[in-house]
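Taken straight from TrEMBL:
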{"type": "BINDING", "residues": "A:Thr67, A:Pro68, A:Ala69, A:Gly70, A:Glu71, A:Gly72, A:Lys73, A:Thr74", "note": "ATP binding site"}
2 protein chains.
Amino acid sequence: MSYKSDIEIAREAKKRPIQEIGDKLGIPTEHLLPFGHDKAKVSQNFINSVQSNDDGKLILVTAINPTPAGEGKTTTTVGLGDGLNRIGKKAMVCIREASLGPNFGMKGGAAGGGYAQIVPMEDMNLHFTGDFHAITSAHSLLSAMIDNHIYWGNELQIDERRVAWRRVVDMNDRALRDIVCSLGGVSNGFPRQTGYDITVASEVMAILCLSNNLEDLQRRLGDIIVAYTRERTPIYCRDIGADGAMTVLLKDAMQPNLVQTLENNPAFVHGGPFANIAHGCNSVIATKTAMKLVDYVVTEAGFGADLGAEKFMNIKCRKAGIAPSVVVLVATVRAMKMNGGVAKADLGEENVSAVEAGCPNLGRHIENLKSFGVPVVVAINHFVTDTDAEVQAVKDYVGEHGSEAIVSRHWELGSEGSEALARRVAEVADADVASFAPIYPDEMPLFEKIETIAKRIYRADEVLADKKIRQQLRDWEEAGYGNLPVCMAKTQYSFSTDPNLRGAPTGHSVPVREVRLSAGAGFIVVVCGEIMTMPGLPRQPAALTIGLNADGEIEGLF
Amino acid sequence: MSYKSDIEIAREAKKRPIQEIGDKLGIPTEHLLPFGHDKAKVSQNFINSVQSNDDGKLILVTAINPTPAGEGKTTTTVGLGDGLNRIGKKAMVCIREASLGPNFGMKGGAAGGGYAQIVPMEDMNLHFTGDFHAITSAHSLLSAMIDNHIYWGNELQIDERRVAWRRVVDMNDRALRDIVCSLGGVSNGFPRQTGYDITVASEVMAILCLSNNLEDLQRRLGDIIVAYTRERTPIYCRDIGADGAMTVLLKDAMQPNLVQTLENNPAFVHGGPFANIAHGCNSVIATKTAMKLVDYVVTEAGFGADLGAEKFMNIKCRKAGIAPSVVVLVATVRAMKMNGGVAKADLGEENVSAVEAGCPNLGRHIENLKSFGVPVVVAINHFVTDTDAEVQAVKDYVGEHGSEAIVSRHWELGSEGSEALARRVAEVADADVASFAPIYPDEMPLFEKIETIAKRIYRADEVLADKKIRQQLRDWEEAGYGNLPVCMAKTQYSFSTDPNLRGAPTGHSVPVREVRLSAGAGFIVVVCGEIMTMPGLPRQPAALTIGLNADGEIEGLF
């Protein structure tokens with residue numbers, strides 16, 4: 001039996017005009033701002049008008065540590081959203097936007113897969129509604145205004161060596177990682193060393209995704225620390241005077257983007273912060289607006305549950321004042337097998353004992369997620385090669401660990417395949433058994449917050465950090481930043497900081513290489529490994545084969 | 001009597017839903033791709049479907065050499081379009097898009113002014129439909145792919161010192177004019193000197209604006225010369241393999257943007273190439289599509305007629321195979337006075353003899369425009385301070401020089417004020433008296449093309465160019481570029497290369513400092529003065545006062 005590719009399925013989608021999708025959410029025409037006929041933004045005024053509505057239930061989809069086998073977290077998010085609609089629930093999906101630049105390196109991806117996708121897929125991999133371009137513009141304006149301030153007399157006494165604000169572009173361009181700017185003489189300013197990150201790594205992106213409204217956005221933008229004086233006094237974006245104009249540039253980008261699933265159910269696709277140096281979730285404004293519009297909001301967090309769900313809980317939920325009613329933990333038989341030591345090439349063969357050997361990774365995540373006070377349902381994202389015995393092994397394991405696993409075939413069958421999962425998830429959500437709380441309080445000292453995550457989530461024995469880093473954390477506490485959550489940046493492939501350590505390791509150490517203050521976004525980034533904020537293109541970039549075919553369709557992007 | 005500001009008038013606009021404007025042009029809903037409720041793109045398929053329609057008349061609006069008094073070229077373009085609609089003609093306007101970056105330096109501008117404006121003004125000064133962001137992305141992709149090619153082995157043997165393709169950003173950022181990139185060690189590539197221009201100066205912008213369709217676009221993108229080998233062999237964008245992916249990035253940006261005037265008449269606002277290192281007109285695809293949809297298309301060219309109209313005729317019309325039926329030359333009494341030696345502060349006082357003294361600038365332009373074989377109507381864009389005697393002086397002068405001048409009060413009265421102008425322009429267009437031809441043939445040697453423009457349009461005695469420049473032109477002729485038109489880059493303030501030389505100078509020399517080949521756009525840029533391709537922000541940039549007010553309206557942008 002042969003299966004259609006994601007792009008083939010997406011191109012066959014019977015999309016409904018976006019206003020029809022908006023109608024399902026009660027969004028009047030004047031408040032649904034179309035971008036073409038299949039995308040739209042929801043007006044700020046409409047968002048304001050629904051604030052007194054009751055909140056729907058929030059369902060978080062997360063996953064085990066990713067393996068090259070693929071877990072299908074987004075696919076399950078979309079499939080579950082369609083499944084809920086199928087059983088008569090008013091539900092929608094909230095996921096992140098894709099970054100344009102990387103698509104010219106490796107092939108771009110679908111939002112979901114198989115018969116659980118969000119469309120229009122091509123637009124979402126290109127300019128979409130321009131949000132990321134707006135973020136690049138706002139970031140670039142601040143960059144230009146900092147150097148312009150220095151050029152015209154440097155009244156704030158910025159130390160050119162201590163400009164913390166780099167530049168960004170939504171492109172994989174390694175040549176820009178490290179540059180010297182302002183060369184060429186007096187009229188071009190004071191030469192200094194700086195560099196570019198990719199747009200999704202911009203603090204503006206994290207801020208946009210954590211802001212509750214435009215006022216909050218502007219306040220946070222103003223809070224960005226852009227540079228220091230020789231005396232190490234911080235200079236804020238507000239001092240540069242860029243926060244107002246940046247807010248104007250971001251005004252439209254703050255409005256959530258409405259699109260649809262293959263089954264014509266509504267989805268917000270909005271915001272896309274890095275999952276390492278930022279928190280990796282779609283925007284707060286999209287999630288909170290969705291909760292005002294439907295009874296069940298299905299959303300996802302980046303990477304595996306140790307990073308993504310932890311940040312979703314400790315950063316996004318804490319800051320936005322929201323709480324999940326249930327968490328869906330996505331696993332696959334194939335990924336269990338890889339965790340159990342099977343090589344990728346051998347995944348096609350039945351291997352129950354390898355599945356069993358890999359399950360502890362899943363068990364650890366179940367335990368961790370429960371520690372936030374939320375019930376956990378495991379979704380086994382079914383592959384056509386999975387055998388009954390393998391599936392049963394996962395189910396048995398999960399049952400023994402105080403949870404339940406449900407097979408879902410949304411990839412193959414759409415909502416018909418996810419109905420069982422949807423029924424059970426809705427039941428659990430409706431039971432109101434969650435008593436969500438972040439795993440550390442605001443007032444805990446910063447280093448203890450890091451230790452709490454390392455010990456309770458990663459199951460490490462200790463956190464290693466030199467004196468300078470510990471002193472930096474204490475300095476920030478004294479400066480009034482002690483109440484911020486911490487944003488961990490480590491490998492997604494393991495509970496530990498060693499990407500090759502699969503399963504459920506214990507006894508390891510978490511070395512902290514660096515800490516960074518994102519004062520506007522409102523978190524302390526804790527870097528525990530190599531973090532690449534500007535990718536390069538590969539030897540044979542995807543761009544070489546991307547083009548329009550004779551029918552005007554895009555080839556090579558997927 | 002006090003007058004409302006442009007922004008006040010624009011905010012009071014009674015905009016109609018954009019589909020209604022599309023209906024006037026016969027564009028079906030499925031082919032009008034909305035961006036919000038007041039902007040839309042016209043689909044490529046619709047454009048293809050109207051190719052067999054008859055062409056409407058093309059009306060070019062140009063102006064005398066600009067003075068600080070302001071001439072109101074765009075205002076007159078919009079006013080004339082509305083006037084034509086008022087007298088029952090099916091007409092539309094085609095103008096350029098504004099660049100985002102400069103608005104954060106100096107305040108942004110209306111498209112038109114008074115009661116002759118195109119709306120939505122705020123969007124047009126911000127992201128609009130994202131065209132310029134798409135151009136920045138396409139340009140950036142090529143930049144990244146060039147350095148990536150060098151990084152992975154440099155098979156094409158690009159000489160890093162001879163990479164001609166710079167980077168661009170849509171921001172006034174002087175710190176980026178001159179940079180060293182690829183610092184930081186082996187994994188970041190080979191350090192080299194480069195820099196940024198503002199997006200509107202990108203050759204991609206010129207290409208987009210001169211392309212007839214997507215195939216033509218891709219071919220021209222492929223033709224861009226991005227670098228040279230040590231042996232001076234040119235390396236093309238096509239060799240880098242970026243042309244297909246760039247076309248994909250520009251696919252939507254190639255579709256003209258439909259908006260409306262204050263009087264709800266249709267307008268295409270599309271493309272915005274520099275008027276010095278490029279040709280300074282809105283896109284060919286917008287102009288040609290408009291000609292298929294209405295009977296009269298009113299468009300404008302950048303700067304004064306010596307630069308803008310010359311390039312419109314010799315570059316845009318030649319390449320697009322279109323021809324104006326009539327040219328409207330905009331003048332103001334105030335500008336005549338300034339040309340006649342009056343200081344800006346004294347413009348409010350009646351001064352007929354100064355008006356008369358300034359008129360030769362106007363006379364020269366009339367003569368030049370006629371040399372292209374097109375009839376000329378002078379529009380006196382009326383200011384409320386103009387006296388009858390002053391207006392009569394202009395009319396008399398124009399009459400004596402074989403043309404006619406018509407006062408137009410569109411700024412104050414909208415189409416009621418431009419009715420007379422519209423009637424006469426339509427009459428002249430309908431008389432089919434134009435016998436348009438560029439003033440030099442394709443096969444003329446490049447240096448002679450420069451001389452032809454300098455002598456026949458600027459009335460210079462000679463063109464000065466050193467041996468190296470003349471040799472470069474001969475080399476390009478040998479390489480097969482001899483048939484290209486030349487794109488003059490000189491001051492807009494004078495017929496000469498001295499910006500202070502007002503009126504109608506003769507006997508001057510035109511020194512050529514540099515020549516550049518834009519092989520994709522298809523012209524040779526002839527630089528005859530300082531050309532700034534990356535502006536800086538002023539000491540007090542407009543961005544400092546830009547922000548949202550309590551009603552969510554944008555303040556400080558205008």
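In case you wondered, yes, glycine gets a Cβ from its N, Cα and C as well.
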Inset, instruction - Within 10 Å of each Cβ, count the other Cβ atoms and name the one among the binding-site residues A:Pro68, A:Gly70, A:Gly72 with the highest count. - result: A:Gly72
Legend entry - Packing count at A:Thr74 (ATP binding site) (other Cβ atoms within 10 Å of its Cβ): 23
Legend entry - DSSP three-state assignment for A:Gly72 (ATP binding site): coil
Legend entry - Cβ neighbour count within 10 Å of A:Glu71 (ATP binding site): 22
Inset, instruction - Could you check the binding-site residues A:Thr67, A:Ala69, A:Lys73 and say which one's CB has the fewest neighbouring CB atoms inside 10 Å? - result: A:Ala69
Inset, instruction - Indicate whether A:Thr67 (ATP binding site) is helix, strand or coil by DSSP. - result: coil
